[in-house]
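Here it is, the structure in full.
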Amino acid sequence: MAFFLLLIIVTVLRIESVAPGPGNVYTNHWAVRIPGGRGQADRIAAKYGYINFGQIGSLEDHYHFHHSRVVRRAAYSLKGPHSFIHMDPEVAWAEQQVVKPRVKRYVQSDPSFIHFNDPKWSNMWYIHCNDKSSRCRSEMNILAAWQRGYTGKNVVVTILDDGIERNHPDLAQNYDHLASYDVNGNDHDPTPRYDSRNENIHGTRCAGQVAAVANNSHCAVGIAYNVRIGGIRMLDGDVTDLVEAMSLGIRPDYIDIYSASWGPKDDGKTVDGPGPLTKQAFEQGINKGRKGLGSIFVWASGNGGRQGDHCSCDGYTSSIYTISISSTTENGNKPWYLEVCSSIIATTYSSGEFNERKIVTTDLRHRCTDGHTGTSVSAPIVAGIIALALEANLLLTWRDVQHLLVKTSRPVHLKADDWKTNAAGFRVSHLYGFGLVDAEAMVLEAMKWRTVPAQHTCSHTPERRTRNETAILTQHVAYLEHVVVKVLIVHPRRGDLEINLISPSGTRSQLLANRLFDSSNEGFRNWEFMTVHFWGERAEGTWTLEIVDSLSKLRNPEVLGNLKEWTLVLHGTSQNPYQPSSAQHSGSRMVEIPALEEILEEPELEEEDEYDGPCHSECGDQGCDGPDSDHCLNCVHFSSGSLKSGRTCVSHCPLGHYEDTASRRCRRCYKGCERCVARSAGDCLSCRRGLFLNTLNSSCIDTCPPGYFADENQRQCLKCHNTCMRCLRYADRCTACSEGYSLAGMTCVPECTNGTFFHLEEMTCSPCQSSCRTCTELRQQSLNTLQTQGPLFLIYSPPFLASNNSLLSATAAEQATRCKQPRLLAWSSGNVSS
């Protein structure tokens, strides 16, 4: 039956408070939404004693407030005069930030196991093979993609983690400061915090997998060794919804790929995901990032396998906006740490048992390791492979990338009991998604890829207590991509539940498995389960949601669960995304010449009667000899075609032709022109695919002149920014600079004269302190300059102070300053000497 849903919501929402729960830690940071701009936000912040730290990432009207008089970490939300901000009529929304436990997804090594780091190219078994033995695995075909010329050039990847060691010998050449930020420290340097236990190795290791420089005689080779690499330091401190949203919103028009190898606790009992701000940041990145093509978010699926965890309870990996990546061992077995779920798209090699090899990459303190482990490994590998695909085709959208992974990943030798072929012909598994990624197949497919049709979304909430219901949905989804089931379930022991979804084609996908350690009685409160197992199938038909309650001995058997409500959300397209467009033969006729024997055998035909029926509307006053537009004896508007191919009457000429009104004929444009006003090369209005309109002379060319870049959408050569001599893809993405400017990453910045330095925030040359002849950065809060009668000394406060306030050893060259009275300075513990 058809259903119509009229939803009227009248909401007066002043504050969204965080529900108190066991173990909550409240911070002295608030996220607020205040319309009216930064000035209005500053005024309200001052009114209630807050400091406005600025806009939250790319979220308009959302601000980060901090209150220094509130306890930094508390077990409950403290009340006081600052609380009245929630009642201010100018404040649309406010939320005190709660610490969200986030764990890095690498496997902790056994401290009793002694190993030696000896990183060499020959150790990178997952990229290339030397001995072709049974233990040699290179099915990801990364080397083959390199051999085709794709190494990640002009693509920008950033690692969301605990920072990256930007001056590491294997990263420095590819480091991009414009793709980096320290959210924890609120500055532009993502360098990790060093300690004796090396807690913050994770981000540097992930960065090396993507972007380690090739052929520099150090450590390893990155998957995309010519990519631009950045780091967002955001895990080395309290992780809140605000912190995550800011991190996901750093320069979305500059950064192409965000790689994250972390998430909620992998303990088999946590159900957690993005907060409201982070959800908005995901949506903004998808809708506006990469100039509308969509930011690409790659996520590690999780390491809770030993705890019986299921990654469907992780709201980051089960988002339609992220690419969830799994791991397999070198022998194609399920690793002991692996979580399974229906949102996994693809798989890479990673670590396994103690006797199986691990991954080689960069390590903290300029070192190298061959012990990188867990699903943390897999997300950066796929980020690197996607960078290769983007180099092959810069116009891939976020959905194009997911389609490419679905089409090109392969089961190969991956061992799993649940491999199945869905109704669209894709092999898929809850362990490995669509299989092992294939870098060569990705770049080959990307080179010829046509953007998939627009995404449509259908949503249906069955009536309560209705067992069978047919819905007529207003937005047409014929071919499926992501399928989401949103449930409201009340249950005494959440871990006893198993949930399956069965498509109209009969494909079964497990949305949730039993979790032994999950004894929560909270059930699922509008939790969204996502599956990709129906990818490419037809959407129409009966969908079945199956919930199995496995009554465990750990609960009262008389207390049952209750499915309060569920919603089926189908994402997909109205037409087949892989069906090639049919060839256009405007006015042409295909003629097959029969063999002589066939002609002789044909029966004699009766003489055809003269046509006396109605003519086509495009036929002129001379009539026709048939009903169609190619039966006309003359035309009302224009005649298209030739005597050889056949002529037809049309109201407008097809692409590649212009309208000759004098003769009422469609004349061919100059070769390469899609639309034109006349026949010559300089009469083009637009160009065929693969060529670009040179607006200087209205011609179609395959390479834009210096100072211009090829805009694939408009198929025009557009002018670069005035600071760029050459640019790529966007006007402000420079590859060479005009006179007076130098290249920083892919931005042209002024070449500052002596006594000035380049100010990153203001993008201008600002004066150094009076005592400096040259300088690289002015940080009043961390640098005090003391001028004495003798030598000029520089004394640094943190991060160069040790815990006992003695100066740490460093060299003047490392701290980058030359003074008016040049002296070689040296620091030692407790004193300064020249």
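Just so it is clear, glycine is given a Cβ too, placed from its N, Cα and C backbone atoms.
According to TrEMBL, the protein carries these features:
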- 1-20: signal peptide (SIGNAL)
- D161: active site, charge relay system (ACT_SITE)
- H202: active site, charge relay system (ACT_SITE)
- S376: active site, charge relay system (ACT_SITE)
- 444-576: domain 'P/Homo B' (DOMAIN)
What does DSSP call D161 (active site, charge relay system) in the simple three-state scheme?
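Looking at the DSSP assignment, D161 (active site, charge relay system) belongs to a strand.
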In whole Å, how far does the CA atom of S376 (active site, charge relay system) lie from that of H202 (active site, charge relay system)?
8
Please identify which of H202, S376 has the densest Cβ environment, defined as other Cβ atoms within 10 Å, among these active-site residues.
S376
What is the Cβ neighbour count of D161 (active site, charge relay system) at a 10 Å cut-off, with all protein chains included?
30
Let me know the model's mean pLDDT on the domain 'P/Homo B' (444-576).
90
Rounded to the nearest Å, what's the C-alpha distance separating H202 (active site, charge relay system) and D161 (active site, charge relay system)? Just drop the number here, would you?
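Approximately 7 Å lies between the Cα of H202 (active site, charge relay system) and that of D161 (active site, charge relay system).
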Where does H202 (active site, charge relay system) sit by DSSP, helix, strand or coil?
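DSSP assigns H202 (active site, charge relay system) to helix.
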Counting by DSSP, what is the helix, strand and coil composition of the domain 'P/Homo B' (444-576)?
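The breakdown for the domain 'P/Homo B' (444-576) reads 7 helix, 55 strand, 71 coil.
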Give the helix, strand or coil assignment DSSP yields for S376 (active site, charge relay system).
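DSSP assigns S376 (active site, charge relay system) to coil.
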